[in-house]
């Protein structure tokens with residue numbers, strides 16, 4: 001029989017041990033200390049498996065207890081916070097914050113009018129084409145849309161006050177620089193950056209102010225806050241009318257920077273943002289934000305400040321802030337990946353922090369699709385889009401329709417001259433709104449005159465002399481120019497279309513674009529914007545007084561449905577006065593829906609997601625405005641029926657959907 005260990009010589013390299021020796025070698029050894037056979041193969045010991053399972057069960061029970069405790073504390077925090085705010089009362093502190101945040105909201109309202117007011121002058125000053133002119137308004141709205149999305153999300157992670165300071169600073173810096181931009185590309189970039197900053201103001205302002213208000217004051221005082229957007233429109237309209245048409249108010253900085261009056265208007269428009277930024281330095285962070293981020297001591301100090309400020313102003317300084325402990329949710333520390341100094345630079349650590357914060361903001365956005373938030377979020381998106389689409393669409397349609405009516409009226413008064421012959425005549429008077437066809441001008445002199453909206457068709461100019469001529473919307477088509485001198489005029493190549501030049505001389509031409517403030521600044525446009533802004537005052541007052549009495553849903557739904565009925569009156573717009581009248585009526589009725597929608601948007605979402613959600617909704621508002629502006633403007637001069645029908649359909653749809661939203665009048669901020 002073969003040896004079973006044949007082929008394994010190492011088994012015979014050691015001499016066999018005695019039984020006694022083997023016994024001595026294992027004496028006192030524990031069975032548990034013996035080598036586990038599977039260890040060579042990497043198989044864990046059964047006892048290790050049991051221990052791991054036991055530890056996992058203990059950890060799971062610990063996490064379950066923590067989750068239950070956190071849920072209980074999160075449920076208790078809203079009630080306790082509401083009780084604290086009631087104890088603090090509503091008084092001097094809230095009113096100071098009201099005016100500071102109102103100025104920030106006013107700055108946003110001013111920015112919404114700036115581009116429309118400066119564009120007629122800026123397009124002449126910087127030679128902006130029609131295509132580029134539309135690009136300016138589009139990019140500003142895109143910037144505000146992006147700003148609302150970004151800053152709304154960041155204020156839930158960085159804090160309401162800090163983000164609002166950043167927003168106002170960005171707006172101030174880039175708006176100030178845009179006053180001095182001489183090139184259109186640079187001006188466009190600076191206005192885009194300014195729009196990105198101020199676009200985040202609305203989500204932050206409403207979120208910030210809401211968290212200092214008790215439940216029975218929220219609807220009314222948030223509605224009063226909305227009035228500052230109206231003040232922004234009034235301020236922009238009044239200052240534009242008072243500054244832009246006055247060319248003499250401009251000045252030059254060196255030889256390359258020309259500060260015309262429209263640039264001074266942009267500078268004056270910075271005052272609300274500057275005042276808000278200065279006031280915000282003295283305001284504290286939202287205590288609700290601090291509590292949500294487990295910063296208990298800071299929140300307690302701010303709440304005591306609110307309490308003492310209010311009661312001291314009411315003549316009761318002896319009242320003591322009795323709250324000693326506020327239950328805060330067990331929040332995990334920010335998952336920042338710190339890079340040690342020996343392995344990374346300060347810039348690398350800063351980059352990691354910012355990238356991690358960005359991931360947290362994105363996670364917050366994704367959490368809005370949770371089942372409990374999905375339905376109300378979808379309803380809010382529809383209402384916001386419908387209201388913004390109709391409001392901003394008609395906001396473009398009203399002034400454009402007035403301009404079109406002015407143009408039609410002007411065109412109806414045009415004078416037509418056919419085959420006239422003028423010889424050795426001195427034109428020393430202005431030519432306005434005329435068409436000259438197949439005329440002949442021999443040895444004529446045009447000196448020190450303005451030619452406005454004049455067209456020469458198939459005409460002959462021979463041995464003529466043009467000197468110090470200013471022209472606006474004037475063209476020469478299919479004309480013959482012989483032995484003619486143009487001295488110090490703005491009649492240049494772009495004014496002559498398919499013309500035949502024979503020995504024509506241009507001396508000291510005024511090339512490029514030139515401002516004509518009497519032509520480019522129509523007082524009617526400023527008046528229309530001023531009256532449109534002023535018309536929302538009654539709607540603001542009514543919505544503020546009744547927001548907490550009849551509820552947000554009835555305000556929103558009723559206002560949108562009433563506004564849809566007002567759109568039919570636009571079919572009766574046969575004159576400029578009628579358009580202005582119906583514009584004021586529409587704005588006055590629809591503003592109540594805006595107020596109710598902004599109130600309910602901050603009340604429906606929890607504090608940790610409030611800024612993010614409002615930012616998304618406000619971004620959708622800007623997106624709807626972009627779409628509506630292009631659609632409604634396309635039908636000017638073609639038909640009134642389609643824009644009116646689109647506005648009516650959007651308002652009815654939004655109003656009906658708004659009635660399905662949950663009422664938040666007696667809802668404690670979650």
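Placed from the backbone N, Cα and C atoms, the Cβ positions cover glycine too.
Among the features that TrEMBL reports, region 'Disordered' is placed at 1-49.
Taken from TrEMBL, the feature compositional bias 'Acidic residues' applies to 16-36.
Beyond its flanks by at least six residues, the transmembrane segment (95-122) meets 128, 133, 136-137, 140, 144, 164, 167-168, 171, 175, 187, 191, 194-195, 198-199, 201-202, 205, 208-209, 212, 221, 224-233, 235-237, 240, 244, 260-262, 265-266, 269, 272-273, 275-276, 279-280, 283, 399, 515, 517, 520-521, 525-526, 529 of its own chain at Cβ-Cβ distances under 8 Å. The annotation transmembrane segment is assigned in TrEMBL to 95-122 (among others).
Per TrEMBL, domain 'Major facilitator superfamily (MFS) profile' is recorded for 97-665.
TrEMBL lists 134-151 (among others) with the feature transmembrane segment.
Positions annotated as transmembrane segment by TrEMBL: 163-183 (among others).
Under the heading transmembrane segment, TrEMBL lists 189-209 (among others).
Long-range Cβ contacts of the transmembrane segment (221-244) within its own chain (Cβ-Cβ under 8 Å, at least 6 residues beyond either end) map to 90, 94, 98, 101-103, 105-114, 117-118, 121, 205-206, 209-210, 213, 261-262, 264-265, 268-269, 272, 517, 521, 523, 526-527, 529-530, 532-534, 536-537, 540, 543-544, 547, 591, 594-596, 598-599, 602. Taken from TrEMBL, the feature transmembrane segment applies to 221-244 (among others).
Look at TrEMBL and you will find 264-283 (among others) tagged as transmembrane segment.
Annotated transmembrane segment per TrEMBL: 377-398 (among others), in sequence order.
What TrEMBL lists as transmembrane segment is 523-546 (among others).
Outside the transmembrane segment (553-574), and at least 6 residues removed from its termini, the chain residues within Cβ reach (under 8 Å) are 383, 386-387, 390, 394, 401, 539, 543, 546-547, 582, 585-586, 589-593, 595-597, 600, 640-641, 644, 647-648, 651-652, 654-656, 658-659, 661-663. Taken from TrEMBL, the feature transmembrane segment applies to 553-574 (among others).
The transmembrane segment annotation in TrEMBL covers 580-600 (among others).
Taken from TrEMBL, the feature transmembrane segment applies to 612-635 (among others). Cβ atoms under 8 Å from those of the transmembrane segment (612-635) belong to residues 137-138, 141-142, 144-146, 148-153, 155-156, 199-200, 202-203, 206-207, 361, 364-365, 368, 377, 380-381, 384-390, 392-394, 396-397, 400, 601-602, 604-605, 642-643, 646 of the same chain, restricted to positions at least 6 beyond its ends.
Sequence-distant contacts of the transmembrane segment (641-661) (same chain, at least 6 residues past either end, Cβ-Cβ under 8 Å): 376, 379-380, 382-383, 385-387, 389-390, 393-394, 397, 552-553, 556-561, 563-564, 567-568, 570-571, 590, 593, 597, 600, 604, 631-632, 635. Here TrEMBL flags 641-661 (among others) as transmembrane segment.
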- Query: By a Cβ-Cβ criterion of under 8 Å, what residues six or more beyond either terminus of the transmembrane segment (264-283) are in contact with it?
  - Reply: 96-97, 99-101, 103-104, 106-107, 110-111, 114, 117-118, 161, 164-165, 168-169, 171-172, 175-176, 178-179, 198, 232, 235-236, 239-240, 243-244, 249-250
- Query: Is the transmembrane segment (377-398) close to the transmembrane segment (189-209), in the sense of at least 3 CB pairs under 8 angstroms with a sequence gap of 6 or more?
  - Reply: no
- Any contact, the transmembrane segment (377-398) to the transmembrane segment (580-600), with at least 3 Cβ pairs under 8 A: yes
